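Engineer: This is the structure, below, for whatever I ask next.
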Amino acid sequence: MSLSNKLSIRDLNLKDKRVLIRVDFNVPMKDGAITNNNRIVQALPTVKYALDNGASAVILMSHLGRPNGEAVAKYSLKPVAAEVEKLLGKPVEFLNDCVGPDVEKACQSAKDGKVILLENLRFHIEEEGSAKVDGQKVKADAEAIKKFRASLTTLADIYINDAFGTAHRAHSSMVGVDLSQRAAGFLMQKELEYFAKALENPSRPFLAILGGAKVSDKIQLIENMLDKVNALIICGGMAFTFKKTLDNVKIGKSLFDEPGSKLVQNLVKKAAEKNVKIVFPVDFITADKFAPDASTGYATDDDGIPDGWQGLDCGERSNKLFREEILKSKTIVWNGPSGVFEFDAFSSGTKAVLDAVINATKEGATTIIIGGGDTATAALKWGAEGQVSHISTGGGASLELLEGKELPGVTALSSKN
């Protein structure tokens, strides 16, 4: 799967065409009101581009929450239609469903730059292909899925996917719209461009910073990165599994991943064979409990972490080692925070890595990608947007790309040639 060879909205003639855009309007809501409209704001450039380039209609489709394959009022996209209308400065027609004769008729007759938002795709089990009933997974009927996808396909002439955050899901709206031109919107295109730069043609030295809790959860990520990078920083909770297994460092009641510990020797051996330098933390900020109000302590590798205490962040000596490695690098991919940054007392390690990454950008590092999920949350918490090349919008999707997997939503896009 080449990331750099996918059709983009800029490659298409949109004049007098109905354009169906899969957006990600999965915004946080409270009591029917949107609490953060960032995802809607991010989708607007693609919508505006289609309108400015003569599209006869723009039809928007999205999911919201997890309604489990049935209509649930609190997951309706109706409040989102009002927000899109406000931000776009033009009327948005909201339809009470996303498929079926009424929806098909409304979309097929839309003209003069009309904007339509369909109801939540996940109100139908056919979107995800399954639902949970009484705790059991129930699969959607194969014929019903075909019919659902066929109905979506009749709504427009051109399909645009701008929902990178869902690109790792083989859902109907991601892979089942059977139009001849299927292209990436601006958000999707930006994600693909940056990941292509890092994974297909990186400037070197190439560094991966990998945090997170369990080695066993990140095994594919570490394996794939070892084939690509020059250096690897291992931080976060999974560092303790490496430290205890390799050097018998005392880790107190810090996170220890028993299944993951069995993989450590092979990973280190592979790194040596590939000439990849691994940098581990050497000191830690410790806590007597996992809580924001925990008492804090300090421990080094030599002394180890006392019984009853756990490491929740990397210490200053570790941060200095990480910074030195970061400032040497031209391409950096960061997935997984350095510590429990959600608790102020244990946030300085993650902040130090972020500061170093921003510094590296200023000093000429060409491509810096901060993976989605917790790492992106940390970066946004400290206002890093615009200070590094790219903060990914997709947690699961970015992780799967870094693991070397193909993303169904990307594979489904048309290639340029």
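From the backbone N, Cα and C atoms, a Cβ is placed for every residue, glycine too.
As annotated by Swiss-Prot, (2R)-3-phosphoglycerate binding site applies to V23, D24, F25, N26, N38, R39, S62, H63, G65, R66, L121, R122, H168, R169. Summarising the annotation, Swiss-Prot assigns ADP binding site to G212, G236, F341. Here Swiss-Prot flags G212, D217, G236, G336, F341 as CDP binding site, drawing on similarity to another entry. Feature annotation from Swiss-Prot assigns ATP binding site to A213, K218, G237, G311, E342, D374, T375. What Swiss-Prot lists as Mg(2+) binding site is A213, D217, D374, and the listing cites similarity to another entry. According to Swiss-Prot, the AMP binding site annotation covers A213, K214, K218, G237, G311, E342.
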Engineer: Report the nearest neighbour of D374 (ATP binding site) in space among the binding-site residues G65, D217, F341, comparing Cα positions.
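Structural biologist: Given the candidates G65, D217, F341, the nearest one is F341.
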Engineer: Let me make sure I understand the structure: which of the binding-site residues listed (H168, K214, K218) has the fewest other Cβ atoms within 10 A of its Cβ?
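Structural biologist: Checked H168, K214, K218; of these binding-site residues, fewest Cβ neighbours within 10 Å: K214.
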Engineer: Taking A213, K214, K218, G237, G311, E342 as the record's AMP-binding set, what's the max Cα pairwise distance in Å, rounded to a whole number?
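Structural biologist: Among the residues the record ties to AMP, max Cα distance equals 21 Å.
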Engineer: Starting from the ADP site formed by G212, G236, F341, give every other residue of that chain whose CB sits within 8 Å of the mean position of their CB atoms, in sequence order.
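Structural biologist: Near the ADP site, beyond G212, G236, F341, sit G211, A213, C235, G237, G336, P337, S338, G339, V340, T350, D374, T375.
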Engineer: Which one is it, among the binding-site residues F25, G212, K214, D217, that lies nearest to T375 (ATP binding site) by Cα separation?
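Structural biologist: Of all the candidates listed, G212 is nearest in space.
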Engineer: Going by DSSP, is G212 (ADP binding site) part of a helix, a strand, or coil?
Structural biologist: coil
Engineer: V23 ((2R)-3-phosphoglycerate binding site): which of the binding-site residues A213, K218, G237, G336, F341 is the nearest Cα neighbour?
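Structural biologist: Smallest Cα separation from V23 ((2R)-3-phosphoglycerate binding site) among A213, K218, G237, G336, F341: G336.
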Engineer: Between the Cα atoms of G236 (ADP binding site) and A213 (ATP binding site), what distance do you get, rounded to the nearest Å?
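Structural biologist: Rounded to the nearest whole number, the Cα-Cα distance is 6 Å.
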Engineer: Including all protein chains shown, what's the count of other C-beta atoms within 10 A of the C-beta of G237 (ATP binding site)?
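Structural biologist: Neighbour count, Cβ to Cβ under the 10 Å cut-off: 22.
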Engineer: If you measure every Cα to Cα distance among G212, G236, F341, the residues said to bind ADP, what is the biggest one in Å?
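Structural biologist: 11 Å is the greatest Cα spacing among the residues binding ADP.
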Engineer: According to DSSP, collapsed to three classes, what secondary structure does H168 ((2R)-3-phosphoglycerate binding site) have?
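Structural biologist: Going by the DSSP assignment, H168 ((2R)-3-phosphoglycerate binding site) belongs to neither helix nor strand, so it counts as coil.
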